[in-house]
Amino acid sequence: MKNFYKRLIYKNGYILIIAAWFYTLSFVVGNYFNYNNTPLEVKNTLEKFLHVQEKGFENLTNNLSVFTTLVDEHADKSALNLYNSPSGIFIYKMAKDSSLKHIFWSRFDMEVFPEELSYRDGSYFVEHTNGSYELIKKTIRLDSNTFIAAGMIPVKSKYFFENKYLKNTFIADKNISKYYDISADGGIPVVNSKGEKLFYIDKIDPDAKPRMPLSEGILKAIAVIFCLLFLNYFILDVTERKGFKTGFLLLVASLLIVRGLSYFVPFPFFFRQFELFNPAIYASSALHPSLGALMINSLLTLWITKFIRYRYDYNLYTEGDRKKNLILSYLFFTGFIIFSFFVFSIIRSLVVDSGIPFNVINFFELNKYTAAAFFIVAVLILIYYNLTYILMQPANQMGIPLWQKLAIASTLSIIILFGFTNTISIYVQVGMMVWLIGYIIFVHYKINDLESRLIRSPYFLFWVIFFSFSATFLLKESDVLEEKKVKNIAENLSYKSINTDENLLTLSIEELNTFFYKKDFYRFKDSLQNRFIKDSLYVNNFSAYLNNFDIGIYTFNSAEEPLFNNNDLSKADLDSVINKSLEISIRDLFYNESDSGTNAFIYRNEFVSNDKDSAGYLYLTITPKEYMDNNLYLQLLAETDNIETLANNYYIAIYKDRRIVHESTDYDFPDTIDPSPFPVEELVVVPDFNGNQYWYNAGNNKMIVIVKRNGVLFEFIAMFSYLLGFCMVSILLINLLYFLIESRFRKKAIVQKVQLSMRTQVYTAIIFVSLFSFVLIGGSTISFFVLNFEKENVNRLHSVINRFIKEIEFDARIIFGLDKPVPSQEEFNEFITAEIMRMASVSNENINYYDTSGKIVTTSQPYIYNRKILSSQMHPVAYNQMRVNFKKDFYQNEQIGSFRFLSGYAPLQLRGVDMGYLNIPFLNSQSQLNKNISSFITIIIILTALVFLLAGVLSVFLTQRILNSFSVLKDRMKMINIGKENEEVYWEKNDELGALINEYNRMVRKLDASVQQLAKTEREGAWQEMARQVAHEIKNPLTPMKLNLQFLQRLVDNGDESSKELSKKIADSLIEQIDQLALIAGDFGQFANIGNVRLEEFHISEVLDSLVKMYSVESDYEIVYKKSGKDLIYFDKSQTTRLFTNLIKNAIEASSAEENNSIEIIMQDYGENVVVSVHDYGMGIDEEKAKRIFVPNFTTKSSGTGLGLAISKGIVENAKGRIWFESIPRVGTTFYVSLPLVKQ
């Protein structure tokens, strides 16, 4: 036993060696990456990056020709390729009064502070609002001019908050930020190329263990896979030798031990360090604490089910104790019902207990976890398919009736659904039970269709579609994340959304209060001063939010009369609104919700004079705008997906006092609704054919109704298409892996097993062509989308910029006409600021304006610049194109952090002179493109699934048609027989198959002619052989007869006296020879008349009894005769007698009287046949003679015709029986005759 297992280990030991090799390699790779994470290696990485950048700065400033180009304000710098460097180059020209003019910069996301320019030449570590830098200051004298060159080498980005676009990371290596940070309290020093200390780094958490590198994890996973591969081959060999039970127990025990250890110890490694094993993504139970754990458990379960499916002998249920097998069958069927609901719950949990995105309408929302979830569903489908056969086949074999199965299934379903799953809606519960009952009915009648592997099943397409459709139903009906998302939208559309707006307004209102304590109200009483102050309020306090709010400023004097307001709203009107509003946390700020459902803020401030009398009143109306995609602040600084972005996927209606006050324009909402019985702040789902309606009672007689833009049917089809595709690919990959494992990765075995049927070839060809076509068309169309979309965006941006330029230049010509002096830069900047604020408020566009030196003058989004996310300088590439190349307009893709967008620039002129440069970033370009591509990909996937289904049906139809035609040929070929007339096949069509059939018909005609010729030849040959054999056999006795007669005649002629006595002897000899001739004639007669039978029922024992008695008397041999069981047959009795006469006679003649003169005859029935054996103790038959023992005319004796056994074989075959023998040389021979019994 020990040697057996040792041999198996040695047999597959090479696999363990490979596993050990990969595991060792993983340690090498891990140590390498861990070394890279050590403080010393992190220090080296940072210093190497800094030194390279420092060298680049030095080379740049020391190269006279390059530096001359940089300081030449009219030279094109694009050829220097400085704009893509991570470091920034900043050059200033010193005037005679020591003032500095900024003449060159290579980046617009960093800047040099003015006080830093006064540093001595050298290297400094500086902390800016948006990051940490190494500042290199260098004074350079060229000709008679003095320049200051500053290099800003980024060390680490540091934004005031982080999101998916803005990340605080080390520039040299993003991974360093996970473990290290810049330290102010000491640590490991990082020095520049001159050895000067710049800063220190230290571990964020000294006790934290470094994460395993992905490459190390992959190598260890490969090592584990090879160990499992060794276990698989080992168990298969054990099963082949020791049986299924031993192999099964060994497999289950091994997997339970290994998997159990991984739950409690980091074996083979710590899973939680990988995102796939993060409980925040998925966790349903202790058994499945993560998505990765569920995937591993599913794959191991699939392994076990495949082992049972293809290694267990299901025929055992038809043998042994029927009662015991029947009980097991009921238990297995019950287990199948329980396992079905277990699978249902797992699929539901992928949605209910996870944060996995399943919004298949938006392709870019899906991620690797979605793919992992779909893969798990495919594995569960394979498991369920296997267990259906494993657990239901015994019930079918034991003949359990369908009504009992349905009774068990219904009872268990009710107990499980209504007793243990209270979180499932009644509709889903009933749907699960109905599905399961229908599935059981189908499998009851089609269980044999599950015998083959799913990939090889002729119903493969049906099963994959069926299971994918069912899984889609579970996933969509369980989509609680959709309800959470809708509720979040509804809450933000209700009163709760004012908190977000409050936070945005807090800073501006506080600054507004400070502003009015410092300014005198009397200035509002002058029209020019009134307009100037209001414009200043727009610019200084609300310019950052003009894209988010509509701002209205109203002033009234002490008599409550309006002071140059833009509309007819009176103070009484505004006070009336305030009296209906709610005062919130900000002093003098009120929140009001109008009858139209619009949220608004109202600010009121009363001014008093020095004698504490009322001087006047100021009111602000602040109304949040509808969301616009083109908003840099909202898109760049949003921590999560903006609520308005999410709302774009829905139709929304708001009802106030049961009347509609707001609705989406492209959905038919009712004007009024019935009184709502729904509880406050609860979401109620109302099923609808076009899509579920979500009703949210926000309180205060306000109801919000939300409907998904894409209907339920479209989403269901999209989900089904995704799932069908993933299931197909996953099943193919799993079966490919199983095929390789089964063939032990041997080329010869793989080639032998890769034998694709015609059905598979046609199916594969159609599917491949369909998929290839869609990939080609889809890829080409998406490329066209991208190119066309970029072109349209540039055209749209060009149109917007031109419109703004024309509008501003028109206003400028009015204000600064030809009859007026040329305005100063300050005057023009004041004008342009007011213009931009006005246009930004009206158009909801982001607008920036730079002067001719490239410095920001005004912007509709100062928050970006105030927070130093961007510097105050224009993008250097755009500035170079505008200032040096004099482009009329310029468009390029720009990037802030990882946020990319299209940006356009155009010069603003007055009287033919460039006054500055207008810039408009077009921010919704990428999001809109992604939306279009996502919609197209969804449609492509749906169409691919549809074409896939049609191609599957078409391939089945085509192959069935072709194979049916071949089946006709196959059946006709089966019927071809030399002994009868063969029919030709009639085919009307003149196609490839018709040519094949013509050749078949020609072959049939040739075959018939050949058969006739062969029959003639055989007859002639048979007669010739018969004549030769008869002549030979007759010639043997005739020769002595002739000699005897000639001898007798000579004696008579000679008158010999002994002739009389000799005549008697010769007569006896002649009689003996004549008897021999009669015997020969009889043998040939019997052989010729084998086919002539007279059928009757009789007992073989009657024949054997008479023969045993006869030969017991006539011979000296002892005949041992035993009989038992049935022996009634239906055949020719005389031929049966002749059969056993020949066998007994041969046994007597073959026996050796000197050793054992007995013969054994045993008759025994074996079910449907009776077997008679005749055993002798002769010399036996050697192998050479045994091959020809039943050939006519072959004999092992010195005399005889050699027809006895040939006749015996012919008799047995005519009786539909079988004759054979077993012989041991020098021991004896046994002839067996098996004849069919008469069926009672």
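Glycine is no exception: its Cβ is also placed from the backbone N, Cα and C atoms.
The transmembrane segment annotation in TrEMBL covers 12-33 (among others).
Long-range contacts of the transmembrane segment (217-236) within the same chain, counting only residues at least 6 positions beyond its ends with a Cβ under 8 Å from a Cβ of the stretch, are 8-9, 11-12, 15-16, 18-20, 22-23, 25-26, 29, 247, 250-251, 254, 268-269, 274, 303, 307, 311, 741, 744. What TrEMBL lists as transmembrane segment is 217-236 (among others).
Through the fold, the transmembrane segment (248-266) approaches residues 231, 235, 238-239, 296-297, 300, 303-304, 307-308, 311-312 of its own chain, all at least 6 residues removed from its boundaries and within a Cβ separation under 8 Å. TrEMBL lists 248-266 (among others) with the feature transmembrane segment.
Residues 232, 251-252, 255, 259, 271-272, 274, 276-279, 346, 349, 354, 356, 369, 372-373, 375-376, 379-380, 382-383, 386-387, 390, 734 of the same chain lie 6 or more positions beyond the ends of the transmembrane segment (286-305) yet place their CB under 8 Å from a CB of it. As annotated by TrEMBL, transmembrane segment applies to 286-305 (among others).
Packing against the transmembrane segment (326-351) from elsewhere in the chain are residues 282, 284, 288, 294, 317, 358, 373, 376-377, 380, 383-384, 387-388, 390-392, 394-395, 397-398, 400, 405, 408-409, 412-413, 416-417, 421, 424, 432, 436, 471, 474-475, 478-481: each is 6 or more residues past its ends and has a CB under 8 Å from a CB in it. Positions annotated as transmembrane segment by TrEMBL: 326-351 (among others).
The transmembrane segment feature in TrEMBL is assigned to 371-390 (among others).
The transmembrane segment annotation in TrEMBL covers 402-420 (among others).
Annotation source TrEMBL lists transmembrane segment at 426-445 (among others).
If one looks beyond the transmembrane segment (457-475) by at least 6 residues along the same chain, the residues whose Cβ comes under 8 Å of a Cβ in the stretch are 344, 347-348, 350-351, 358, 377, 380-381, 384-385, 428, 431, 435, 449-450, 716, 719-720, 723-724, 727-728, 731, 759, 949, 952-953, 956. Look at TrEMBL and you will find 457-475 (among others) tagged as transmembrane segment.
Annotation comment: TrEMBL describes 716-741 (among others) as transmembrane segment. Listed as Cβ neighbours of the transmembrane segment (716-741) (distance under 8 Å, sequence separation of 6 or more from its ends, same chain) are residues 229, 232, 302, 306, 358, 360-361, 371, 374-375, 377-379, 381-382, 453-455, 464-465, 467-469, 471-473, 475-476, 710, 750, 753, 938, 941-942, 944-946, 948.
Counting residues 6+ beyond its ends, the transmembrane segment (762-787) has Cβ neighbours under 8 Å at 756, 929, 932-933, 936-937, 940, 943-944, 947-948, 951-952, 954-956, 958-959, 962 in the same chain. Taken from TrEMBL, the feature transmembrane segment covers 762-787 (among others).
What TrEMBL records for 936-958 (among others) is transmembrane segment.
Mean pLDDT of the predicted structure over the domain 'Histidine kinase' (1029-1239): 75. Per TrEMBL, domain 'Histidine kinase' is recorded for 1029-1239.
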For the transmembrane segment (426-445), distant same-chain residues with Cβ under 8 A (at least six beyond the ends):
337, 340-341, 344, 388, 392, 396, 402, 405-406, 409-410, 413-414, 417-418, 470, 473-474, 477-478
